[in-house]
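Enquirer: Reproduced below are the annotations present in TrEMBL:
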DOMAIN    113-194  domain 'Beta-ketoacyl-[acyl-carrier-protein] synthase III N-terminal'
ACT_SITE  CYS119  active site
DOMAIN    248-337  domain 'Beta-ketoacyl-[acyl-carrier-protein] synthase III C-terminal'
ACT_SITE  HIS264  active site
REGION    265-269  region 'ACP-binding'
ACT_SITE  ASN294  active site
Amino acid sequence: MNNTLRLSEIAGVGHYVPNRVVTNADLTGLMDTTDEWIQERTGIRERRWFEEGKDTTANMGANAARKALEMAGLTPDDVQLIVFATLSPDYFFPGSGVLLQRELGIQAPIPAFDVRNQCSGFVYALSMADQFIKTGMYDTVLVVGSEIHSSGLDISTRGRAVSVIFGDGAGAVVLRPSTRAEHGILSTHLHSQGEHAEELIVKEPGSNRNNRVEYVVANELDMYPYMNGQNVFKHAVVRFPQVIKEALDQNGYQPQDLDMLIPHQANLRITQYVQQKMGLPESKIFSNIQRYGNTTAASVPIALSEAVQEGRIKRGDLVCLAAFGSGFTWASALIKW
Ligand code: ACO
C-alpha cells in the first residue's frame, strides 16, 4: 500500500433479492435431486429466482444501489463513476453499467464500465473503484454486483450438479474518500490463473466461430454452465486462506485480529474449511448461502449488506472480503470499518 495516497471507505451498502423463493423441495420437481443431497454437499436450503418482466440484472443492481446511496446520504446524481460486476448481463453488449446509469436516472455523462470476473467480480470491481478514489480522480464511486443465473441454468437432471447451486440477486456499495485517519480499504489483492479457464465456464456464444449464431443453435448445450466441481473445490480451499493471509500480512495483522470475514458464498463446506484453516470462531465468518445459494458477483456485497444490517460489523472493526471463482480468479480486500 502507498500511504501517501488517500484511503477510500464504504459509505453505504445495500442489497436486493427477487421475491421468488425456490426451495430444494421445489427443485426435486424439476430434476432428480434431494433436499438432503443439496444441504449436505452445499449447505443451501433455498435460493431466489428472478421474475421475468420485473427483474433485470441492471434494475436489481439499481435497487441495491439506491439503498447503498441512501445509507451514504447521497443521491444518484452524486455518483461520479459506476463499476458493475456481472457474468449475466442483460445484453451481450452494451454492458450493464450504462443500463444502471439509465435505471438510476443519472443524466450526467459519467463513466460506467463492467467487470467480468465471475465470483471474484465484486472484489475486483471494489479494488478498481478504490484506485480511482486513491488517486483523487473521483470522490463518489458506485460498485455493483448483480446476477440472474436462473434463466441460464440446465434445470434438468443433466445439469443438477451446477443448477442447484446458483441463485439470483444484487448488492452494491458506495465508495467515498475516508474521513477518518487509517480507516477504510487498507489494501486489495487480485490474482488469476488462466490455465484453469475451462474448469468453470459458459462457453457459448463465443466469438471464435465463423458463424457464431448458427453454431450456438446447433450446440445449445454449451450455453449452460459447466463446472468441474471437485477441482474448483480443491483450488478454492487453497486460494481462500492464501489471499486472506496475504491481506493480513501486508497490514501487519494476524487472523485473530479479524472481526468479520465475508467470503464469497460458494459452498458452506468451503466456508467451514476456510474458517477452520484460519482458526476463526463461527461468529467471525458470515454465511447466508443457506438462503441465497451462490450469486457469484452479488454474493459478497449481499453478505456484507446483511452483516451490516444485522449489526455484526461495527465502526473500527477489521473486515476481510475474499472471493474465488471461475478463471480461476481470486481476490481479497482488508477494511478497517
Ligand atoms: N442431486 C443429487 N445428486 C447429485 C447432484 C444433485 N444436485 N449433483 C450431482 N449429484 C451426484 C453426481 O452425479 C455424483 O453421482 P455419482 O457418484 O453416482 O457419479 C455424486 O452426486 C457426487 O457428485 P460430485 O460432483 O462428486 O459431488 P461433490 O461432493 O463434489 O459436490 C459440488 C459437488 C457441490 C458442486 C462441489 O464440488 C462444489 O461446491 N464445488 C465448488 C463450487 C465452487 O466453489 N464454485 C466456485 C464459484 S462459482 C463461479 O465462479 C461461477
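Placed from the backbone N, Cα and C atoms, the Cβ positions cover glycine too.
Not measured: the values here are computed from a predicted model.
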Enquirer: Would you kindly list the residues that approach the region 'ACP-binding' (265-269) from elsewhere in its chain, counting only those six or more residues past its ends and only Cβ-Cβ distances under 8 Å?
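Expert: Same-chain contacts beyond the flanks: 41-44, 119, 165, 233, 236, 287-290, 292-295, 299-300, 302-303, 324-325.
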Enquirer: Counting other Cβ atoms within 10 Å of each residue's Cβ, which of the active-site residues CYS119, HIS264, ASN294 comes out lowest?
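Expert: Output over active-site residues CYS119, HIS264, ASN294: least Cβ neighbours within 10 Å is ASN294.
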Enquirer: Where does ASN294 (active site) sit in the DSSP three-state scheme?
Expert: strand
Enquirer: DSSP helix, strand and coil counts for the region 'ACP-binding' (265-269)?
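Expert: Across the region 'ACP-binding' (265-269), the residues distribute as 2 helix, 0 strand, 3 coil.
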Enquirer: In which DSSP state, out of helix, strand and coil, do we find HIS264 (active site)?
Expert: coil
Enquirer: Let me know the DSSP-derived helix, strand or coil state of CYS119 (active site), please.
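Expert: In the DSSP reduction, CYS119 (active site) maps to helix.
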Enquirer: To the nearest whole angstrom, what is the C-alpha distance linking ASN294 (active site) and HIS264 (active site)?
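Expert: On Cα coordinates alone, these residues lie 8 Å apart.
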Enquirer: Just to confirm my parser: what is the rounded mean pLDDT across the region 'ACP-binding' (265-269)?
Expert: 97
Enquirer: Just to be sure I understand, if DSSP states are collapsed into helix, strand and coil, how many residues of the domain 'Beta-ketoacyl-[acyl-carrier-protein] synthase III N-terminal' (113-194) fall in each?
Expert: 28 helix, 29 strand, 25 coil
Enquirer: Give me the Cα-Cα distance between CYS119 (active site) and HIS264 (active site), rounded to a whole Å.
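Expert: Pair distance, Cα basis, whole Å: 7 Å.
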